[in-house]
Amino acid sequence: MAIYTPNKSSDANSESSSLRVIFFGNELPNDDLQTHFRRLHTRSKDKNHPLLARFIDEATLVLKEEISALSTDLGRLIPTFETVLQWSEDANASLREGLLCGAIDGVLLVVLQLASYICYHEILTYDKEECVHIALTGLGIGLLSSTAVSLAPTPSHLPLAGADVVRLAFRLGIHVLGVSELLEARDVSGKPASWAYLVQIADSDAAQAELDLLYGNAESSANSNKIIISAVSQTSIVASGPPSRLKLLFNKSPLFRNARSTALPVFGGLCHAAHIYGENDARSIVECASLNTVTENCTPLLPIYSTSTGNPYLANNATETFECVISELLRKQICWDNVINGIRERINYSGASAAAVDHFGNSASLHDLEVALKSVLHESQVTLTNILTMSCVPPPKEISPRSTGLSKLAIVGMACRLPGGATDTEKFWDILVKGLDVSRKVPADRFDIETHYDPTGKQMNKSMTQYGCFIDEPGLFDAPFFNMSPREAQTTDPQMRLALVTAYEALEQAGYVGNRTNSTKLERIGTYYGQAADDYREVNQGQEVSTYYIPGGCRAFGPGRINYFFKFAGPSYSIDTACSSGLAAIEVACQGLWNGVIDTAVAGGVNVLTNPDGFAGLCNGHFLTKGHNACKTWDSTADGYCRADGIGSLVIKRLEDAEADNDNILGIILGAGTNHSAEAVSITHPHAGHQAYLSRQVLRQAGVDPLDVSYVELHGTGTQAGDYEEMQGILDVYAPLTKRRSADNPLHIGAVKANLGHGESVAGTTALMKVLLMFREQAIPPHIGIKGEINPKIPKDLAKRNLHIPMNLESWRRRSDKKRLAVVNNFGAAGGNTTMVLEEAPIRCIEEMDPRQTHVISVSAKTKNSLVGNIERLIAYLDSNPDTSLADLSYTTMARRYQHSWRVAMAPSTMKDLKKQLSAYLEKIDLVKPAGKSGPPTVAFTFTGQGASHKSMNLALYHDVPSFRDYIQRLDAIAQGQGFPSFIPAIDGSHPQDHQHSAVVTQLALVCSEMAMAQYWFSLGIKPDVVIGHSLGEYAAMHVAGVISASDTIFMVGRRAQLLQEKCKLGSHSMVAVRASLEEIKQNTSSTDSDAEFTIACINGPTDTVLSGTKNAIDAVSKTLEQAGFRCTKLDVAFAFHSDQTDPILDEFEDIVKASVSFQEPKMPVISPLLGKVVFDGKTLNANYVRRATRETVDFISALHNAQKMSTISEDTVWIEVGPHAVCTNMIKKILPATKLALPSMRRDADNWKTVSDSLAALHSSGVEIFWNEFHRPFERRLRLLDLPTYSWNNQTYWLQYQGDWCLTKGNGFYGTLGQGSGSAASSSSPSLLASSVSNLHTSTVQCIIEETIDGTNGTVVMQSDLMQPDLYTAAEGHRMNDCAVVTSSIHADIAFTLAEYMLPKLLPASKKLKAIIQDLVVTKGLVANHDRNSPQLFRVTATTTDILHHGLDLTWQNVDNDGTVHEPFATAKITFGDPEQWLSSWSPMVHLVQSRVEALEALVADGTANRFSRAMAYGLFAKNLVDYSEKYRGMQSVIMHGLEGFANVRLTDKESGNWTVPPHFIDSVAHLAGFIMNCSDAINTVDNYCVTPGWKAMQFAKPLTPGARYQSYVKMIPQADNSGTYLGDVYIMQDGDIIGKVWGIEFRRYPRLLLSRFFSAPGKSSTTTTTKASVSAPVKSKPVETKLSAASKPPTVAQTGIPPEQKPAPEVQPVTTNSPATAAAAPASTQAADTDTVSAKALRLIANEAALDLSQLEDDAGFAELGIDSLMSLVIAEKFKIELDVKVGGSLFLDYPTIGDLRKWLEEYYS
């Protein structure tokens, strides 16, 4: 490395007197190797150790490359690893004892030495001059380590050179293994045997002679089997060889047997054996290793002393160096004495007088070297440094991570809604401390447990348990706060709603304010939530699918909604890993922070149970306990878990960001990870091995010793398998028997599920919050899961392992010597495991106090009710915490909380004063109005003139606010640079208040302090919209307006003052302020003689005037006016401005300004007291203006009045006086008495902070946005974030109640058969199909015969079908109207034909030739398919006859509810029978008539009178106007139409699907020509109307309709004479010149197109009209109300009729309810129209109805966004405006008119 580069010119005569020897030993340390590597790992995270981190990364990379090149049998011996440091872990002990032990230990030694070396030199650096002479040496693999140091020219090269050495060490170990295995194969079943022994024989020659004697005879012993002496020293030798041969040696040789010997830890094979290895061995190792290019080009810079010769290697490059060293390791004998002699010679040669030895652990060789050096040098001149000890000391407690991926993560906020009434973490902790089990019976708001419970498990879809752990009132929600309408809130999953609420509360606790700091930038915040079930969507929402079904129910909208509300632009993830979802989501959030994707995460888990299916399914899977208990974790009778609700949210940041942001840290995440139990016996079964592996992995990532963990929160569900497996994993990792915990280091374990049950997707979040509370409370709560005896499967040696299950509340205090560490386990039923390592939060000490005595405190809310609640909560908090710091409270309420529009603000100096003001606000809360409803007010700055301040000021802002002080100092530097004296003595308090400064200093101090004060207001976000300056204050005003620069301002003020001093006589003139109007002064001084002449200097108000003049004149006029009763006050000024005293300077001053100053166009209006007007242009303010302003009158009255006339200012303008005292604000209040707010920046005799705080409180109350963080920034390190009470929600219940027990049946036939018995829900009226089938008949339309009675020619058959059955639904889907699948009359026809064909042979067996005629079909109500395909939609058709031959069959169609309710018929028909041959004969005469009309139409086409349509054109027009047919229905190939007459060429599809008697698409294809004419002909007004058919007189087919066959259809529709909008016609179907079918008297009726949606809309899940069970009013869709909205009061929509009644549709019936919306009479005046039938009144009622709002909420200033009218609802309302009000608007309506008032005015203007 560069710091060690030897001086090339140094020799024996060098002045250097020091030699440094770096000795790399060949032994790993005897103490805890894992601890050394763990500390190096921790150091590598520090930004101060980049080279160490890179070396570890590079070494890991090369090892992975080398391992991938190994043979499969060797490669599989090495487990997967993330970093080479893992090889040192106890878990990898078998690796170090295995077949590859030599390679593994060699790598570990090199990595430890080089990593320690790098770390050491990143901590300390040598003085280059002291380290000119360096010698490197080592033993064994240590010698290889030295090569990296020798070759690296600079420190930055060492990681790459070191990685290459790691590669060679590994390859060397593998090579030696391969050779040694040939010498003697290892017994892998036992422990490895040593290949080398240290033998205490001093005479190495005698030892060699003994060996020669034993192995000298080549015939009796193979050369490769002989024992060699691999190392010699003065007192001993090392004998090496195959282990069995070594044992034989000690048995056979008396010399060796009698000598003391020790087996060395050399298990990898034989080295230092020239008889085994040749030069090619070393060369092959080096050549096979892919050396880094950088290393390959390096040359050795430091000498490495050979352990055989004692001389430095003679190598010219890296390859030669490596070959020399490896060859020596393989072939050469170690002669340590030679090394010692070589270093002695180096000392003698260099003349060194001192030696320093760096080493990596004590050894005999090191001792020999030390003794030798001390024999040459003076003992005191030899020093030894253990680099290993120095570099591996514990790292600093808090490191600075070198990247985000190495940061610790801080949890800074949390909030919850948990069972047992735990609506906050305090209540949660109370449950834990008291050891409560909060399980209870399933509450009624979820489902009726009485009907859904079966302890036997025999009844389908029922739960075998009645119990769970539930949140109280999960429907409570503050919808307006989150900008949600009641409709949206009701439809939104409570999991999402409560996630929003707890996210807000967690962020509130975290002191979050968006964009306050770098880590809170909105673009850098992400949301991560775990959710594993959709109960509310599946059951509650699913009963009435509405606009918000998708955004209110789909999981992605949960975190997405949080991002949207808070305007986070980072990622949002909804994560499902079953029971580990919550903690897995937090782990993903951690990864986002570590990967630098985000800077703040809001994460957690949610679970609200409303679906009984979940209980039933888990019971059937044997997951759940049946008892009235939460989870019986570790109990001998544990039989499953208890389900639980829960919502938990946390806010997480990187630790360094949290500390920089002054956050309260609840706990620190050191590591987190997730894996999968891949080798478990089943997917739901846990696996101890994988759990333990994950624990070790996460601990490694965190740099934590498992024995340092003192608490583990287990998953602990209370299942036999899960508890046992998890306990095994815990014991193996945290409380092993092999490396036991000390007596003072116990491990405690617990499981929160014993208290709260298993929250499934929120379980891990709950467990994490528990541990955070334990950190805070310094206690471990009792475990209550063991109800009786502990599970016998759990090992009995827990006490022996020092592992404890706390049965009582136990202390867990902070320790001074180490931090408390905890682990949270969370496992998923799908096999996922998540583990997190936590550390207690650091203690923050505040040494300095905030110097401010007065502080701004505010309480705010979005509504008045919440404001009252927030004030009350704060008062209660202060009563409970009397020592609360006002400074901290101000910081928390102003800089660290959201500021809402309903607010109160105050600036108390004492806690007593604060509580008094808070109580006063509660008493007058009705006087409080929301701030900023119409936007922030206009702000005006007014700048004070001279004479208002003390002669010497002492500004607290200058002392306390660095930015203010810096700005003043910059201005002062400019002033001094322009030749003026420093003005700081006039403001810093260094002189008494009455100390008189020069005019230059005084005037510069005033103007510069005003500029600095303005800059301070700017820094707080308060910028003026208009400015005005009084006299000298005009200069500061012009600067702030951008007219002149700060430099020019200082120049003009300073030069003018200098001119005054130079050219005007001090004391010759004076000024007086008179409490009189200008007119009064003139009247009372009109007789004054000429010697008493004076000038009107300032007109400050109606009765405030300032006069200037000579001293005598002012004395005289003052006397006169005082005698007249007017108060006169002489001003303490050096010169009389605005008088003739200034005349001598005017010309020169103007010339100077013209020559030196640049005037710019103002950036804001400037109110000019000189001109009495508002200046906007860039020409008025110039050199002449400042000349005139010096001499002429200041007319404040005219200036303000004219500004008001121009609307530049108004009574709502907020005035801030920028100056040393409140002067101008008093003028403004007198001139403009309607002004609401005029505030000072400073007061002459008051503390700066009191004045500023009072003004800020008033500004805040008025709605001015203030950068509160900037206000507190100079003092933030002295302030704490308080954990104040959470927001007081204005909650109401929004809930869709699950009704009935349809989850039990779901329309499945098996329920009726399998569920029969006691308590079965099945009955004879069940809508089940299969349960009651009495026939084998099954077609696509007639799916099940549920009743059949045949008696001669009399009979009844009842069929039942499910419209959702695929074939039937597809048939309906092929006939779409108004984007709904509608059952076409051809489907009814197929049903009729099928029943006729089924019954005829049963009732009249001899009627084989007869075919059916469907007569008098009348459909009174269309059958429209549900949108929800998952719910059955049943209908039945009954066919009855008393005499089939003479009376035919009577058919009725009826809808059937899922509970078996049968409705009134919606269609009827009659079937008769006839002979088709007779039909053909009777139709024959009509053929020529029909054919002639077809020919006539063809002719009309030819002359352009009639229209011809292609297939595509016809069906495209049909779809546009009414019916969108699917492909198989589109049989018309071409159409000719003229008026109401037309014919079509038809070809039926040849693609068959379904089981039909007469396929509906065939019937439609040949018959819907009539419908085409009625909805596409130019003879019909199809724009405003549409036509539908209620049926026909008769339909019959003499021949079957054949797939692929061609036909012709003809029809002429005739309007009826009564002008009722009814049309009749006969459709003829022809084939090959014959009429083969006919639809007689097909009828169409005309209806307004506006009613299309009303009559063709998908119904709810059960179509309800008047039923045959009982006579009840037809229920209709209820109007939702603001408060508790439930499905009970909102039945599904009626199935709309296909044929509307002739009279107008009846209005919707509104249900009677005690909490219905307020009537119009109760609405505010703004919503009351003189005529309630006006468009605007109707529009407001429509909006209120659609959003489920009360009319009283629709006040003029209410914003649609605040009311929850989002883009989706906007589209719905806009569409209803068009349909119901004929108001044509777009979806952007509520963006164009954002408030109720805006919309109402627009409607009244255009639609009145």
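Every residue, even glycine, has its Cβ placed from backbone N, Cα and C.
According to its DSSP assignment, C579 (active site, for beta-ketoacyl synthase activity) is in a strand. What Swiss-Prot records for C579 (among others) is active site, for beta-ketoacyl synthase activity, and it gives sequence analysis as the kind of evidence.
Under a cutoff of 8 A between CB atoms, and with a sequence separation of 6+ in the same chain, the neighbours of H715 (active site, for beta-ketoacyl synthase activity) are C579, G722, E726, A751, K753, A763, A767, N825, N826, F827. Sequence annotations record features per position, and here Swiss-Prot assigns active site, for beta-ketoacyl synthase activity to H715 (among others) based on sequence analysis.
Using a 10 Å Cβ-Cβ cutoff, H758 (active site, for beta-ketoacyl synthase activity) registers 32 neighbours. DSSP gives H758 (active site, for beta-ketoacyl synthase activity) a strand state. The feature active site, for beta-ketoacyl synthase activity is assigned by Swiss-Prot to H758 (among others), with sequence analysis given as support.
If you look up Swiss-Prot, you'll see 1659-1676 (among others) marked as compositional bias 'Low complexity'.
As annotated by Swiss-Prot, compositional bias 'Low complexity' applies to 1713-1727 (among others).
Residues annotated as domain 'Carrier' in Swiss-Prot, with sequence analysis given as evidence: 1730-1807.
Here Swiss-Prot flags S1767 as O-(pantetheine 4'-phosphoryl)serine. If you draw a 10 Å sphere around the CB of S1767 (O-(pantetheine 4'-phosphoryl)serine), it holds 10 other CB atoms from the protein chains shown.
What Swiss-Prot records for 31-272 is region 'N-terminal acylcarrier protein transacylase domain (SAT)'.
Residues or ranges marked as region 'Malonyl-CoA:ACP transacylase (MAT) domain' by Swiss-Prot on the basis of sequence analysis: 941-1265.
Annotation comment: Swiss-Prot describes 1343-1494 as region 'N-terminal hotdog fold', evidence class sequence analysis.
Note on the region 'Product template (PT) domain' (1375-1650): its mean pLDDT in the predicted model is 93. Residues or ranges marked as region 'Product template (PT) domain' in Swiss-Prot: 1375-1650.
The region 'C-terminal hotdog fold' annotation in Swiss-Prot covers 1506-1653 and rests on sequence analysis. Across the region 'C-terminal hotdog fold' (1506-1653), DSSP classifies residues as 35 helix, 68 strand, 45 coil.
Annotation source Swiss-Prot lists region 'Disordered' at 1659-1727.
Assigned with DSSP, the residues of the domain 'Carrier' (1730-1807) fall into helix, strand and coil as follows: 47 helix, 2 strand, 29 coil. Distance noted between the C-alpha atoms of S1767 (O-(pantetheine 4'-phosphoryl)serine) and H758 (active site, for beta-ketoacyl synthase activity) is 38 Å. All protein chains considered, the CB of C579 (active site, for beta-ketoacyl synthase activity) has 31 other CB atoms within 10 Å.
Under DSSP, H715 (active site, for beta-ketoacyl synthase activity) is assigned to coil, being neither helix nor strand in the three-state scheme.
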